[in-house]
Amino acid sequence: MPSSVMPTPRQRNGRQRPVAVSTADLRKSYGDKTVLDGIDLRIPAGTVFALLGPNGAGKTTTVQILSTLISADGGQAQVAGHDVATSPDGVRAAIGVTGQFAALDDLLTAEENLLLMADLLRLGKREGRKRAKELLERFDIADVAHKRAAFFSGGMRRRLDIAMTLVGDPKVIFLDEPTTGLDPRSRRTMWETVRSLVAGGVTVFLTTQYLEEADQLADRIAVLDGGRIVAEGTADELKAQIPGSHVRLRFTDPDEYERAAAVFPGAVRGDEELALRVAGDGGLDALRALLDRLDAAGIRAADFSVHTPDLDDVFLALTGDGSTNTALHVKETLR
Amino acid sequence: MSTLTYAVHDSMTMLRRNLKHAIRYPSVGLGSAMMPILMLLLFVYAFGDSIGAGMGGGRDAYPNYLTPGILIMGVAAGSMSTSIAVCTDMTEGIINRFRTMNITRSSFMTGHVIGSVIQTMVSAVLVVGVALAVGFRSGATPLEWLAAAGLLAAIAFAVTWLSAALGLISKTVESASNKPLLVQFLPFLGSAFVPAQSMSPGLRWFAEYQPFTPMTETLRGLLTGTAIGNDGWISLAWCAGIALVGYVWSRSLFNSGTTR
């Protein structure tokens, strides 16, 4: 089997990972409609990367370009060390793709579907049967191995779909909205699958509209909106980008409440429950400064809690009116 | 392995997939054999007396005139069902899986075309069996039978490539299943059922120049000993031309095509 090797060892000095997927100024438009407006990505090998965005943001187009299904109008993209434009076969030999719609042969059984993949990967009869058997068991479809895929439930179809993607031992796996339309239980199973793949050293490129999914799985998240990356970072970094972090102080004594309100004139008052909301970035230094000011004034709070915005807040703020100005605006207010 | 070995290996894999479909769901294949068989029975038992009399024979003589035409029609119609199979694959997710794998690109189409030719030839054998049962008698030598099979295979190959291209341009399976009607209808406007000379002048002109007339005449000559003349070469030229157009068209459609 022609297999592509990463250009550099997986982990150098335990620090720097080689890049599995990178793009520079990737562009694509259909007629007048610009779908991708200059995408720059850099995904280290062995990590999970989530491309998060609303419908029509360009997520599927990005996956289609990176998986050699369509060509970009401009810019460059490399996957597993191969350029998608000049060496598509090199890319194809290194990747596995599971799209939004299960890519199986409904007229064949689960086992036959896997053997079809093994044949197309030229694994040989014995190796092919071995792989098929392993994958049927791993994805819990061994008992329906001889049933036609047409009769499978949505969750079983996705599992067979992923199993087919894995027959070739891909280095980079693209999962385009892998849990869209799945019930919560099947979704959890899919998440576990993704985690086990990464534990095996594979790089996963995932698109999703679910924030929770990106939060749960991804090492890094890029938010795509209107064909541009409007934010990128870890889930925590993204959450920190958004205003709205605050510390909530609650008091039992109305006098202390009033004195505290005088110490923090900018705080939002909650007179009924004797609670103050003090804005802050949720970081340790800000927290320490806040507590020092309380101490200096000799005020004791009954309890306090730190609130950070969840990814939903980030998502809505970044993609709110569909323009890139939103993101810039958010960054501006942070400074 | 060389590029060619890869191409052969991948095409064989695709062929096995298509034959598996055909064997598991014989209704499609049997359907394409049933149509010419029903036509054969209809024309022999319902119209055979009148048409045979009009041609100066009778019901007993008509099967010998009709069978080559029915075979041509059956092969043309059977080959056209490829467009449905190709379109079904194109509209489902599996094609994108094939496209993102490091396999020979042409193998997908090659597998469909060869699979369809095999199916069409099997149904042609069934048609010949029924024809013999209703009174068709051939004086052909084994070599002539072989040439007849070769001609039918060449027609099937050519029409299948055209059909594959039609399957690629069809957006839905429904529209793919409508397009073959035109080709299925063409043999009627030729010498398949009645001699072209008996038609009205405009239609006769069309019948003489459309591809299925020389094909029918060649097959009739091989199986029943009528004169072939230039029709053999004309038929092969038509087959080569249709196959080339279908192949080049399919290839450019498939290579330029993206997801739908």
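Placed from the backbone N, Cα and C atoms, the Cβ positions cover glycine too.
Given the structure is predicted, the values throughout are model-derived calculations rather than measurements.
For reference, TrEMBL has these:
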{"type": "TRANSMEM", "residues": "B:22-45", "note": "transmembrane segment"}
{"type": "DOMAIN", "residues": "B:27-257", "note": "domain 'ABC transmembrane type-2'"}
{"type": "TRANSMEM", "residues": "B:65-87", "note": "transmembrane segment"}
{"type": "TRANSMEM", "residues": "B:108-133", "note": "transmembrane segment"}
{"type": "TRANSMEM", "residues": "B:145-169", "note": "transmembrane segment"}
{"type": "TRANSMEM", "residues": "B:181-199", "note": "transmembrane segment"}
{"type": "TRANSMEM", "residues": "B:232-250", "note": "transmembrane segment"}
**Recorded stretches the transmembrane segment (B:232-250) and the transmembrane segment (B:22-45) touching, at least 3 CB pairs under 8 Å** = no
**Prompt:** Which sequence positions outside the transmembrane segment (B:108-133), separated from its termini by at least 6 residues, show Cβ-Cβ distances below 8 Å to it?
**Reply:** 7, 11-15, 17-19, 22, 29-30, 32-33, 36-37, 40-41, 63, 67, 70-71, 74-75, 78-79, 81-82, 85-86, 89, 95, 98, 149, 152-153, 156-157, 160-161, 163-164, 250-251, 254
**Message:** For the transmembrane segment (B:181-199), give me same-chain residues lying six or more residues beyond its boundaries with a C-beta closer than 8 angstroms to one of its C-beta atoms, as numbers and ranges.
**Reply:** 43, 51, 54-55, 66, 68-70, 72-73, 76-77, 80, 159, 162-163, 206-208, 210-213, 216-217, 220
